[in-house]
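Notes for the one structure printed next.
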Amino acid sequence: MIALFVLMGLMAAASASSCCSSEDRANVMHNWDAAWSAAYSDRRVALAQAVFASLFSRDAAAQGLFSGVSADNPDSADFRAHCVRVVNGLDVAINMLNDPAVLNEQLAHLSAQHQARAGVAAAHFDVMAEAFAEVMPQVSSCFSSDSWNRCFARIANGISAGL
């Protein structure tokens, strides 16, 4: 009987460590607001470009997935605008974390968009997670990496479903 309780406790701990809890959501929204709020609109392009620079440094082949938006010229208006569009998509998802039904619909929509793009794989979202995990502590004080990782995984797993 004790073994059963130990097993249940371990399962609960494992589940909690991968769940984007209400506390995690609050931390992520606070961290995100510190980086992406309207008060910081002048640095949005730089933040988005930094994420993509980190992505491409981790997976150079991923740059080819963005050839249609001039990824070979990261300072082009076309690519900078795309970077901001991607991060704005994350902004929308983060702001839906407290409304799971709406978030699920949004993630399904984004998933369909990514499924339609040749070459995009679920593994790319792991690399994108690493890129954000590198950049976010630089732009958000008191950054909570554990909360960020759990909630980003919730979003990324929803978008990469079906890839």
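From the backbone N, Cα and C atoms, a Cβ is placed for every residue, glycine too.
On a predicted model such as this, the values are computed, not experimentally measured, just so you know.
As annotated in Swiss-Prot, Cys151 shares a disulfide bond with Cys20, one of the listed residues Cys20, Cys83. Fewest other C-beta atoms within 10 angstroms, among the recorded positions Cys20, Cys83, are seen around Cys20. For His114 (heme b binding site) paired with Cys83 (hydrogen sulfide binding site), the C-alpha to C-alpha distance reads 15 Å. On its own chain, Cys151 (disulfide bond) has Cys20, Asp24, Arg25, Val28, Ile94, Leu97 as residues at least 6 apart in sequence with a Cβ closer than 8 Å to its own Cβ.
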